[in-house]
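Chemist: For reference, the structure I am asking about is given below.
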Ligand SMILES: Nc1ncnc2c1ncn2[C@@H]1O[C@H](COP(=O)(O)OP(=O)(O)OP(=O)(O)O)[C@@H](O)[C@H]1O
Ligand SMILES: Cc1cn([C@H]2C[C@H](O)[C@@H](COP(=O)(O)O)O2)c(=O)[nH]c1=O
């Protein structure tokens, strides 16, 4: 039987990465084989593209096309073979991020993104997407506590991140049952409980 595809989304610093390992553990405890991966990245080529995308200035359309180029490689080398084997794939970001960041944040025409999406993954969509939602100011406070250098996206102004957040919420509202909005402005333990309840609902 084909595996399931779960993605995590949210503005930078929303706290999603903190919960990915827990979800993989939960799925493995139910006897499932899990592949945990991320975008942009997830393959040797994708990780090289990630470095460029996060640190090298580039034209907006170049950015969108490189996101989808990395995704094409990721789908071909990792995601599609894993799902075909019956493994479950847990991915830190996927195409919803392109609609939110390149579409909402940067203002790229949605039709161009639809064309790229159709080319790269046709009708394949995640079975479940967890959208970690919180105000930008809260996410920013969390990010500044980290001592590392901020990447190109994290360095963007508040209005960029507000548009990304809005685009995510609009996408969630239009997604039917696929996307679940999680209030991420709460203590970690409460979020963990919500995440586990949602993920458990698709394990049955
Ligand atoms: N519920 C929470 N309350 C307070 N701090 C949190 C919470 N969840 C995560 N953090 C902290 O916020 C920071 C960002 O968390 P994390 O890296 O999980 O976010 P992220 O959504 O994956 O971010 P990015 O997309 O930028 O990689 C980390 O320092 C993490 O320890
Ligand atoms: C997949 C994808 C990602 N991004 C942005 C979003 C983040 O700012 C970075 C990735 O960093 P993270 O630590 O893994 O969150 O890339 C994007 O703009 N468009 C995309 O499609």
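Glycine is no exception: its Cβ is also placed from the backbone N, Cα and C atoms.
Grabbed the feature section from TrEMBL, which reads as follows:
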type    : residues                       : note
DOMAIN  : 8-194                          : domain 'Thymidylate kinase-like'
BINDING : 10, 11, 12, 13, 14, 15, 16, 17 : ATP binding site
COILED  : 136-170                        : coiled coil
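Tell me about the setting of these features in this model.
Modeler: Within 10 Å of the Cβ of residue 13 (ATP binding site) there are 22 other Cβ atoms, across all protein chains.
Residues belonging to the coiled coil (136-170) score a mean pLDDT of 95 in the model.
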Chemist: Considering only the binding-site residues 11, 13, 15, 17, which possess a Cβ situated under 6 angstroms from at least one atom of ligand 1?
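Modeler: Only 13, 15, 17 qualify.
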Chemist: Using a 10 Å cut-off, grab the number of neighbouring Cβ atoms around the Cβ of residue 10 (ATP binding site), all chains included.
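Modeler: Step by step: centre on the Cβ of residue 10 (ATP binding site), count other Cβ atoms within 10 Å, giving 26.
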Chemist: Measure from the Cβ of residue 17 (ATP binding site) and count the other Cβ atoms within 10 Å, all protein chains considered.
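Modeler: Summing over all protein chains shown, residue 17 (ATP binding site) has 14 other Cβ atoms within 10 Å.
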Chemist: Name them in sequence order: residues not among 10, 11, 12, 13, 14, 15, 16, 17 whose Cβ is within 8 Å of the mean position of the Cβ atoms defining the ATP site.
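Modeler: Output for this site, in sequence order: 132, 134, 139, 184.
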Chemist: Which binding-site residues out of 10, 11, 12, 14, 16, 17 lie by ligand 2, going by a Cβ under 6 Å?
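Modeler: With ligand 2 as the reference and 6 Å as the Cβ limit, the list reads 12.
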